[in-house]
Structure formats: C-alpha cells, structure tokens
Amino acid sequence: MKIVATKMLLIRHGETDWNKELIFQGHSDTELNEKGIKNAKKNAELLKDLNYDYIYCSDLKRAKDTAGFIADKLNKKIIESKEIRELDFGKWEGLDFKSIEEKYPDEFKAWQEDFLKNNPPGGEKISDFTERVNRFFKSVLKKHRDKKIIVVTHGGVIKTYLTEIMAVPKKRFWQFQIENNSLTEIKFTGEVAVLTKLNLLYSNNFK
C-alpha cells in the first residue's frame, strides 16, 4: 500500500518598508523594498530545481511579487487566494506601535493583554482569521494529495497554521519567529503533520 505524503513549503513574503519600520500592514497593499526583492530572488534561485507542483499566494502585492519570482524560475503559474491574507488590523494599519499606543491606549492595552478576545478597532477577530486560514489549508491539502506545494503568504498566517498543526495554544502564536523570505516546511502523511524546517533563510542545505 502506497503511503500518501504531501510536502508544503510556507514562505513569508519579502521585506517591505513597513516591515523595516515596524508598521502594521495587515490588508494594506504594500510593495517589496529593495532588500525584499533581492532576497526573494535568492529564494527563487534556491528553489528552481526542486520540482514543486503548485504555487499559491496571498492576493496582496508583497506576497504576489515574492511568489512571482519563484514561479518564473519553476515555470509555474501562481494561484491567488484572499483567504491567506494577513490579519486585518483595521484602524491600526499604517501606524507603528508608538502611534497606536498614543491614539488607542485602551484598545492597545487590551489587545496586548489578550489578543484572542480583543481585536483591533475595525479589524478582524482572531477566531475569524484562524477559520479562514485553516479553511484554505484544508482545501489545498484535500485537492493536492501526494504533491509538493509552495504557499507564499504572511507571518501571521504561517504562525496561526503552525499553532494549529502542532496543537500549540493560540496564545503562544508569538513564540514562532517567521522572518521575511523565510522557508518553513511541513510534510503530511495522512493526517499526521511533521514540521521539518522552520524559519530557514537562503540556505543551500535546504535541498
């Protein structure tokens, strides 16, 4: 009996100026900066001979452009999905931590104390965010059993999915470090998920 195994590579989009300046991005459609483009191209070069079957990405420009470099090297089309956008931070988007603390002191304090219960003003509930992220991954895994899949998305999406498959409490979301352009690999055998690589950066050892 053949064991069905699916390999999924999660890639966080390249750096933007807002990443560099620690500004909340969420659904804001920011672009890669020079460093982000350079390192996204490094990833594309690293992955060019690895024969992935499908490339999915968030429909936001910073993820689409990161995925585009990889797709060009692999000669694949990208499949966009709104379900793997970053968390919607509402009125906090475009602001850094200091500005948010000054303009929304009570809401920010509540969010820091319990982000699972308190969402940003005008933003998305963590429960809704988690639901759409899980829905996307369940659908992709069901559709592409025994395939190799790349998903280019956002830090919050990757952390949320890792808490799900590793059965880690959602409150430990922040304990996963997922840097721009990092590679995180998961292998699925049936219902069992094994985290084989985490937050890897431009390493020839990846192969």
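The backbone N, Cα and C atoms fix where each Cβ goes, glycine too.
In TrEMBL, annotation is done automatically, which means it is predicted and not curated.
Fair warning: this is a prediction, and the values are worked out from it, not measured in the lab.
Within 10 Å of the C-beta of HIS13 (active site, tele-phosphohistidine intermediate) there are 28 other C-beta atoms, taking all protein chains into account. Positions annotated as substrate binding site by TrEMBL: ARG12, HIS13, GLY14, GLU15, THR16, ASP17, TRP18, ASN19, ARG62.
The active site, tele-phosphohistidine intermediate annotation in TrEMBL covers HIS13.
Sequence-distant contacts (6 or more apart, same chain, Cβ under 8 Å) of GLU86 (active site, proton donor/acceptor) comprise GLN25, GLY26, HIS27, SER58, LEU60, THR153, HIS154, GLY155, GLY156, VAL157. In the three-state DSSP classification, GLU86 (active site, proton donor/acceptor) falls within coil. Per TrEMBL, active site, proton donor/acceptor is recorded for GLU86.
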Completion exercise
Most Cβ neighbours within 10 Å, among the binding-site residues ARG12, ARG62, goes to ARG62
Practice task
Could you tell me the maximum Cα-Cα distance in Å between the residues recorded as binding substrate, namely ARG12, HIS13, GLY14, GLU15, THR16, ASP17, TRP18, ASN19, ARG62, rounded to a whole number?
Solution key: 15
Handout entry: Listed in sequence order, residues not in ARG12, HIS13, GLY14, GLU15, THR16, ASP17, TRP18, ASN19, ARG62 with Cβ within 8 Å of the centre of the substrate site Cβ atoms
Key = LYS20, GLN25, THR30, LEU32, ASN33, GLY36, ASN180
Completion exercise
The rounded CA-CA distance in Å from ARG62 (substrate binding site) to HIS13 (active site, tele-phosphohistidine intermediate) is 6
